Amino acid sequence: MKWYLVASLLTILTSSQGILTTLSQTNGKYKYDYATIPFLAEVFKLIVSSVFLWRERKKSPPPKMTTDWKSVRLFPIPSVIYLIHNNVQFATLMYVDTSTYQIMGNLKIVTTGILFRLFLKKKLSNLQWMAIVLLAVGTTTSQVKGCGEASCDSLFSAPIQGYMLGILSACLSALAGVYTEFLMKKNNDSLYWQNIQLYTFGSIFNMARLVVDDFRGGFEKGPWWQRLFNGYSITTWLVVLNLGSTGLLVSWLMKYADNIVKVYSTSMAMLLTMVLSVFLFSFKPTLQLFLGIIVCMMSLHMYFAPPHMLVDIPPAIKSDPESLVNVPVD
């Protein structure tokens, strides 16, 4: 399967995630425990990967599977990074408002490019660096509200702790993605075997979060396994399937493409979500959204287009053979 087909599908699924989550609410509230969604998504990814690995092992030659502890012990690290990242996100929201938080989240586009270069030793051209910066500018522009609104003034009025935590959050998000790509590409193991290791630890960490929530709430609503499916509807299950499928596509891109492709997919998904919200939730389109989409499309073309399509190189001037004069040499 071509990487751009997977990236396009990831864009569609990612853009529908926020819409499905909104539709799963009842009177503006969640009837289900939202913490159970990531756990069930991890279990779904684990089951799908196990089925594909089982089918793959029936073929000849069998897939490569590294089982030594030195390799397996590396797979919990992304889950730990994401766990820290989630806590930093909540801490950031204590100092900044939602609009500022969303805009600062675009820093992960640039930090991903930097860590992509430093840790994976992938060299990017000057045009590609410019394209990454343009992508960050385009997504930020699309999120900026009208200057007559109060939120416009709040962008630069947050305390320094909020900005520092926002930068840390962007770095952790980029680090988790780059490290996951390193894991997927460090050997020729089966993608599904690598997924099983990732999602096993992911399921364990998400289960631990549910247990911690139980202790914090004093088991007021009972243990998590008794209320796991409480309040679930068809739309809620679609949220779980969507989140799980998105994770599987991301792991495929980590194995066969790279983090920059994933960054572009998720950024384009954000813009697509805003456009769809115009029709589904009476969201009012703004000039900033229109300009942001144009800038992001220019960035997409700059990054992935062949160099000869970006620069007009004049054809080499060939000399006319008839204009050449033969000079005799004694």
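Cβ atoms here come from the backbone N, Cα and C positions, even for glycine.
The signal peptide annotation in TrEMBL covers 1-18.
The transmembrane segment annotation in TrEMBL covers 34-54 (among others).
Under the heading transmembrane segment, TrEMBL lists 74-95 (among others).
Residues 92-93, 129, 132-133, 135-136, 139-140, 143-144, 155, 163, 166-167, 169-171, 173-175, 177-179, 181-182, 258-260, 263, 267 of the same chain lie 6 or more positions beyond the ends of the transmembrane segment (101-120) yet place their CB under 8 Å from a CB of it. Marked as transmembrane segment by TrEMBL: 101-120 (among others).
Annotated transmembrane segment per TrEMBL: 127-144 (among others), in sequence order.
Annotation comment: TrEMBL describes 164-184 (among others) as transmembrane segment.
Under the heading transmembrane segment, TrEMBL lists 232-254 (among others). Sequence-distant contacts of the transmembrane segment (232-254) (same chain, at least 6 residues past either end, Cβ-Cβ under 8 Å): 1, 3, 6-7, 9-10, 13-14, 16-17, 20-21, 23-24, 31-32, 37-38, 40-42, 44-45, 48-49, 177, 180-181, 183-185, 191, 194-195, 198-199, 261-262, 265.
With a threshold of 8 Å between CB atoms, the same-chain residues lying at least 6 positions outside the transmembrane segment (261-281) that come near it are 3, 7-8, 10-16, 18-19, 22, 108-109, 112-113, 132, 135, 138-139, 142, 177, 250, 253-254, 289, 292-293, 296, 300, 303. The transmembrane segment feature in TrEMBL is assigned to 261-281 (among others).
Under the heading transmembrane segment, TrEMBL lists 287-305 (among others). Under 8 Å from some Cβ of the transmembrane segment (287-305) lie the Cβ atoms of residues 127-128, 130-132, 134-135, 137-146, 260, 264, 267-268, 271, 274-275, all in the same chain and six or more residues away from its ends.
Beyond its flanks by at least six residues, the transmembrane segment (164-184) meets 74-75, 77-78, 81-82, 84-85, 88-89, 91-92, 95-96, 101, 104-105, 107-108, 110-112, 114-116, 119-120, 191, 194, 198, 251, 254-255, 258-259, 262-263 of its own chain at Cβ-Cβ distances under 8 Å.
For the signal peptide (1-18), same-chain residues at least 6 beyond its ends with a Cβ under 8 Å from one of its own Cβ atoms are 239, 242-243, 245-246, 249-250, 252-253, 256-257, 261-262, 264-266, 268-270, 272-273, 276. Panel annotation: around the transmembrane segment (74-95), residues 101, 104, 158-159, 161-162, 165-166, 168-169, 172-173, 175-176, 179-180, 183, 194, 197-198, 200-202, 204-205, 209 of the same chain, lying at least six beyond its termini, place a Cβ under 8 Å from a Cβ of the stretch. Same-chain neighbours of the transmembrane segment (34-54): 63, 190, 192-193, 195-196, 199-200, 202-203, 206-207, 209-210, 213, 224, 228-229, 236, 239-241, 243-244, 247-248, counting only residues six or more beyond its ends whose CB sits under 8 Å from a CB of the stretch.
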